[in-house]
There are 2 protein chains.
Amino acid sequence: MSSDKKISSAVIRRLPRYYRYLGEIKESGIQRISSNELSNRMKVTASQIRQDLNNFGGFGQQGYGYNVEYLYEEIGKILGIDKTHSMVIVGAGNLGQAIVNSEDFAKRGFIIRGVFDNNKELDGRKIGEHQIMMSDRLPQFIKDENIEILAITVPKDAAREVARVAVEAGIKAIWNFAHTDINVPDNIVVENVHLSESLMRLSYNMANHANQ
Amino acid sequence: MSSDKKISSAVIRRLPRYYRYLGEIKESGIQRISSNELSNRMKVTASQIRQDLNNFGGFGQQGYGYNVEYLYEEIGKILGIDKTHSMVIVGAGNLGQAIVNSEDFAKRGFIIRGVFDNNKELDGRKIGEHQIMMSDRLPQFIKDENIEILAITVPKDAAREVARVAVEAGIKAIWNFAHTDINVPDNIVVENVHLSESLMRLSYNMANHANQ
DNA sequence: TAGATTGTTAATCGATTAACAATC
DNA sequence: TAGATTGTTAATCGATTAACAATC
């Protein structure tokens, strides 16, 4: 059920933000909103909002605007968070723990099914309700439990090997926090979170007085 | 010393990645590299590399290429990481701890000078070598210690107030991990890290079999 | 019906890629 | 000098904004 036309990544980058705003607008009890009003809140052009949404179909109604709840639901579907996704974390350091202990991801349907590390001292220790497993059990676990997403929070030197093993075991997507690019086959999705690069951009902007 | 021409944010987004690759190439002992060879490694066009770099000046030499060490240093300067930057963390949860305990940021010159939280049970507890301070001390600390960067790792409901107080106290930049946009004056730099949005993009791409 | 606002086409703007003269 | 490769201009491609007819 792949889409016909290729949606630009610039649009995809904006979708979660629409989703977040619409969620908040919905919570505040507002039932309909025009692209113009949404544009005021989000500081993007109304034109861009209408263009972006129309990549996926006509969600609005002339003379009325958009039904907030409906649009929120539809964007959720587009993002694939109307279903749950199974995830494992490899790397039980601070960052791994932060992800495990956060409620935000489970709330969006990303269910953590296992936490792995290769430090033997951590074997069996608990993070939240998860008992840390040794990394050599990772491939079998991915297969047995049908894990879709691998979050990599190990140091960069270990990251590629973890990715390789997981890909071989049939993982579908990798959420990579290690400071390295990982090379995987084209059909595997990789989403990078490079915190130190983010901080360098901040540093650049600070030196150059730029606006956000 | 602001730059004359405005550099596009697309270029800035790529700079840290150039920096990372050049650092690794330097470590591997290679002394010179052509845009073509770098393009092969990084999977971007050589043309883009040359265009990007030329926004900041001619770092290469016809017939030779680029001196790896020199280019690495220069990009470091452009990014402003030839100097150190003082930073505080507000929010001593898992994510805050992860940032404090990471060596990566200090390595790039981002020095953590204080960790704050408003949970009284944490008052005085230690994270690494940092004693957690209560958030009411934040504004005075920012002034006294000349803090440039505020990392916000508190839940979204508290984030805006923390930002407001810090801006009033003279903070220059905010590294925001809370799931909300924070509105600050134009001269304050904001760099957002919205992890759940990252995960939603991953989810979208997974559903649509896209390449990275 | 009149007013509002979308969906969509057209115009503009910006970013990427290609090409090549300059030059090491 | 000949070969290599940059710096930079020109061409292309894509994304954003503007405009407005369609329509609720």
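Note: Cβ is positioned from N, Cα and C throughout, glycine not excepted.
Now, the feature entries from TrEMBL:
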{"type": "DNA_BIND", "residues": "A:17-56", "note": "DNA-binding region"}
{"type": "DOMAIN", "residues": "A:80-181", "note": "domain 'CoA-binding'"}
{"type": "BINDING", "residues": "A:Gly91, A:Ala92, A:Gly93, A:Asn94, A:Leu95, A:Gly96", "note": "NAD(+) binding site"}
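In the three-state DSSP assignment, the secondary structure recorded for A:Leu95 (NAD(+) binding site) is helix. Other Cβ atoms within 10 Å of the Cβ of A:Gly96 (NAD(+) binding site), summed over all protein chains shown, number 25. All protein chains considered, the CB of A:Gly91 (NAD(+) binding site) has 25 other CB atoms within 10 Å.
Taking Cβ-Cβ distances under 8 Å and a sequence gap of 6 or more within the same chain, the neighbours of A:Gly93 (NAD(+) binding site) are A:Asp117, A:Thr153, A:Val154. Across the DNA-binding region (A:17-56), the model assigns an average pLDDT of 98.
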